[in-house]
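These features come from TrEMBL:
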type    : residues                                             : note
DOMAIN  : 29-300                                               : domain 'Gcp-like'
BINDING : H109, H113, Y130, D294                               : divalent metal cation binding site
BINDING : Y130, V131, S132, G133, G134, D162, G177, E181, N266 : substrate binding site
Amino acid sequence: MPAVLGFEGSANKIGVGVVRDGAVLANPRRTYVTPPGTGFLPGDTARHHRAVILDLLQEALTEAGLTSQDIDCIAYTKGPGMGAPLVSVAVVARTVAQLWNKPLLGVNHCIGHIEMGRLITGATSPTVLYVSGGNTQVIAYSEHRYRIFGETIDIAVGNCLDRFARVLKISNDPSPGYNIEQMAKRGKKLVELPYTVKGMDVSFSGILSFIEDVAQRMLATGECTPEDLCFSLQETVFAMLVEITERAMAHCGSQEALIVGGVGCNLRLQEMMETMCQERGARLFATDERFCIDNGAMIAQAGWEMFQAGHRTPLSDSGITQRYRTDEVEVTWRD
């Protein structure tokens with residue numbers, strides 16, 4: 001019964017998780033929160049991660065009721081993500097692996113999300129909508145690869161939401177996306193925004209530029225409220241995501257859809273995806289904020305699958321990469 005310790009720190013979340021044979025034994029996490037109207041810079045984020053990661057490691061072991069001797073493998077996020085935070089976590093993972101004399105595994109962040117979603121929901125072979133602050137992809141598994149059927153051609157949907165939140169000075173605590181979701185529930189007017197789907201791909205930069213340009217004028221003249229803008233942005237970008245996911249499901253003949261990534265815990269997105277799945281006679285799988293948002297257990301779970309399949313990352317190859325596509329990884333642990 002191998003137990004895997006996973007380190008995740010590719011953006012403003014830092015987490016350490018422990019997984020053993022499909023059971024999440026521990027999954028503590030911290031978030032670097034910046035003032036309203038601001039984002040998070042790589043250097044500042046890395047300093048935050050370095051300040052808390054050892055406490056998180058001890059917390060995870062205590063919560064799991066394990067010691068270093070009980071851990072069989074150390075997994076860490078190799079990429080994609082922000083360079084400085086990735087490095088700060090990889091250094092700790094390498095050090096722990098050497099101190100404890102354990103094998104090391106570099107994990108693709110996106111595949112961590114997918115494997116966590118499959119574990120928690122029980123989905124067997126779903127079409128995956130992966131939506132986060134750094135990534136937006138529609139993915140399906142085929143012949144030992146997670147194939148990308150569609151993706152953003154510019155910024156990720158989560159990045160679009162985060163940057164919109166800065167325009168309205170919406171709080172980053174607990175996250176801008178969550179606060180937009182709550183404000184959108186009070187929106188009553190649908191403001192027409194650019195809807196940009198190009199084949200299987202989507203574009204969010206034009207929507208963001210448009211709303212940055214008109215938001216203050218529309219608010220000043222009383223044409224709409226901040227809540228209306230939150231509502232309108234969500235309805236527009238989520239409709240785009242549902243459209244390309246449905247098209248991928250039709251192409252694959254899939255009867256399952258799985259939402260993963262931080263934006264995936266948005267209940268309005270889940271509701272719109274559920275409606276689409278019901279109309280297709282398909283089934284939707286989603287998780288809550290414990291597992292949708294970046295966490296250490298998802299890296300531990302992907303690491304567990306890789307460990308069982310015989311993967312190991314030599315120390316000489318244990319760096320990080322900010323660009324690491326989902327379809328670069330050979331998925332040897334699936335049929």
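Heads up, the Cβ atoms here are built off N, Cα and C, so glycines get one too.
Under 8 Å, Cβ to Cβ, and six or more positions away along its own chain, H109 (divalent metal cation binding site) finds E8, S10, T77, K78, G79, P80, G81, D294, I299, Y324. Among the listed binding-site residues, namely G134, G177, the Cβ with the most fellow Cβ atoms inside 10 Å is that of G177.
N266 (substrate binding site) and Y130 (divalent metal cation binding site) have their C-alpha atoms 13 Å apart, to the nearest angstrom. Within the same chain, residues at least six positions away from H113 (divalent metal cation binding site) with a Cβ under 8 Å of its Cβ are Y130, S132, V260, G261, M298.
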